[in-house]
Every structure is written in structure tokens, then in C-alpha cells.
Amino acid sequence: MPNTKFFDLQINGYNGVDFNQDAISAEDLREACRALQRDNVEGVLVTIITDEIQRMAARLCRIVQLRAADPLVRRVIAGVHVEGPFISDVPGYVGAHPVAHAKQADWGEMESLLEAAEGLVRIVTLAPEQDPTQEVIRRLADQGIVVAAGHTDASIDELDAAIDAGLSMFTHLGNGCPRLMDRHDNIIQRALSRSDRLHFGLIADGAHVPFFALKNYLEIIGMDRVFVVSDAIAAAGCGPGVYPLGDQTVTVGEDGVPRAEDDSHLVGSATTMQQMADNLRRHVGLGAGEIQRLTSGNPRRLLGETVAIPLGLSLNNGDRQPTTS
């Protein structure tokens, strides 16, 4: 894929560095950003996940300070994705987020996170059922912030009300939900039924969503409203081992998949954007132009950025490659 520069809207850490630690050092953040550049990632939204509001605010403030002081970090970190804490506290839907801190949406608390980030928040992921009046969704959307549903079991009526209030995205479709759900009336089917009104993030590591299911999602949603995220933790680019995510300890096995200590659920990914692009080519059968759209063009457009088409790439479906295993 010539000249592809990836843009990742959801990344929790990289190259051994956890972005959700309480006192990330300038050196660590710079090294993570340098590693991202080496791996052809041009821009990211650092993702801060559910915790106590004060700790989330402090982590946001630290990222903002370090970014302001370092031109390299500033080039790589395009903004922040706040994932939580206004998400479902129901097992399965809460995913790898600390359930004790999942809570109902409150504008005062949301505002404190926005103030800590000093204008860098570009996406907020929440559960529509945790914002029953849609106040937080509406206020965020009015400020030009992309509001996403995620870690949610919103009913179709709750999802529609949220969309009407300004929600426009769904975070990592196929994840943040239990392994066992109603076979028809479930959050995946509800979200897909609104694919003409939402943009969708997908994790293309093969573990979060099997490649055959990923291909189905792409066929249903269409190439214009979907993008790939790494959802990477500190393990990305490092290999098997034990890694942190906030207060959690995550084990990455020989299969390269990060799991909770009790092996009950996945915890982010250890897969780089380059590896995901390779997966899209090898296992889903996408061509270079389509991969560029999913890993760079579409995420940039979601944030309202102008997108240049790299020389030699076509963004239509004519550059598909045969699917291989």
C-alpha cells in the first residue's frame, strides 16, 4: 500500500507505554509517538477510558501539557477520545472498563473532562441509556464533538433518540457486548439497522470480530461510513507479555491477543494499524484504495479534516484483491 499514512481514532497505548497511567512521562509519550510514526501512523486520538472523574481529568490534563511542550507529540496526537465513564455497568456491555466507575451521564462531570482536555476532545463514547434525557449528547454535538454509542445495550428507541439528539457514531461494532445475546434483538442488529445514520469503528485484528463477520459488516454498512481503529494498548508493537491498562493487568499470549487476568474478556488489542491493514488485504480481500479509505481517509473525514488521495490509489471498488487465508 504505497504512501498510506494511518489515522487511528482509538488508541489506549503503544510500544510499551500506557496512555491511561496517572503520571505518564514526557519521555514515554514521546517514544510512543516516535514508534507510531515509524509504523506509518500519522495521527491518533489518545483514548482515555473509564475511571474516577478526577483521575480521568488528571490524565487528560497531563496529555495536554506534554503535547503542548513537544512538537513531535503534537504532530502525532490530533486529539483525545474519551471512552466512558457514561457507559453501561452491565456485565458484558461494560467490557474491560472498571464497572465501579461506569455511571449515568452528568453534564457537570462531562464539562470537567472537557475543561481538562482544553479543547482536544474530538470523540466521546457513551451508552445512550445512561443519558436518558440526551442532555450530554446534545451539548457535546452542539460543540462539534463526535458522540458515539459504545458499551451499550440501548433499545432501538433509545438509540433513535440519541441519534436525533446528535449521536453519529458507533464505537468498535461487535464488541463491548456479551458473548451471548438475543439472536435478533441485540445491540449489533440495532446499530446495523441505523447504518444510514451512523459511522462505525471496527477492530480488524481477527480476534474482536472474525474476518467473515467483518466482511459482512462492511457489506451492510458500505465503505463510506466505516473505519478501522486499533484499540491498541501498551502491548502493541511489543509481543507477548504482561502489560498495564490503567489499574488493570493484561496478559498477551503467543496468539497476540490481550486478555484480562481471569481470561473472561479481551482488553484492547496488541495489533498495529499496519497489521490491520494487512489483515484487510489478506483476509477480507480489500484493495489498496479501500484500505486507505478505512484506515486514513474515513477517520479523517469523520473529524472534518480534508483528505488527500495518495498518488496511485483508487478509492473505488475496482482494486479489490482475491480473499486469501
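If you go along the chain as it appears here, the first residue is 1 and each next one adds 1.
In case you wondered, yes, glycine gets a Cβ from its N, Cα and C as well.
Curation does not apply to TrEMBL; its annotations are automatic.
Database features (TrEMBL):
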type	residues	note
BINDING	E83, H151, H172	Zn(2+) binding site
BINDING	A96, N175, G176, R183, H208, L266, V267, G268	substrate binding site
ACT_SITE	D231	active site, proton donor/acceptor
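In the structure as shown, the Cβ atom of H208 (substrate binding site) sits within 10 Å of 22 other Cβ atoms. Counting in whole angstrom, H208 (substrate binding site) lies 14 from H151 (Zn(2+) binding site) by their C-alpha atoms.
Among the recorded positions E83, H172, D231, none has a Cα sitting within 10 Å of the Cα of A96 (substrate binding site).
The binding-site residues examined here are A96, L266, V267; by Cβ neighbour count within 10 Å, the least packed of them is L266. In sequence order, Q10, G150, G201, L202, I203, H208, V229, D231 constitute the residues six or more apart from H172 (Zn(2+) binding site) in its chain with CB-CB distances below 8 Å. Scoring each of the binding-site residues (G176, G268) by how many neighbouring Cβ atoms lie within 10 Å, the top position goes to G268. Counting every protein chain shown, 28 other Cβ atoms lie within 10 Å of the Cβ of E83 (Zn(2+) binding site). Cα to Cα, E83 (Zn(2+) binding site) and R183 (substrate binding site) are separated by 27 Å. In this view, the densest Cβ surroundings among the binding-site residues H151, R183 belong to H151, judged by other Cβ atoms lying within 10 Å.
Here the CA atom of H151 (Zn(2+) binding site) lies 13 Å from the CA atom of G268 (substrate binding site). The residues near the Zn(2+) site, meaning same-chain residues not in E83, H151, H172 whose C-beta sits within 8 angstroms of the mean position of the site's C-beta atoms, are Q10, G84, I87, G95, H97, T125, A148, G150, T171, N175, G176, in sequence order. In the three-state DSSP scheme, A96 (substrate binding site) falls into the coil class.
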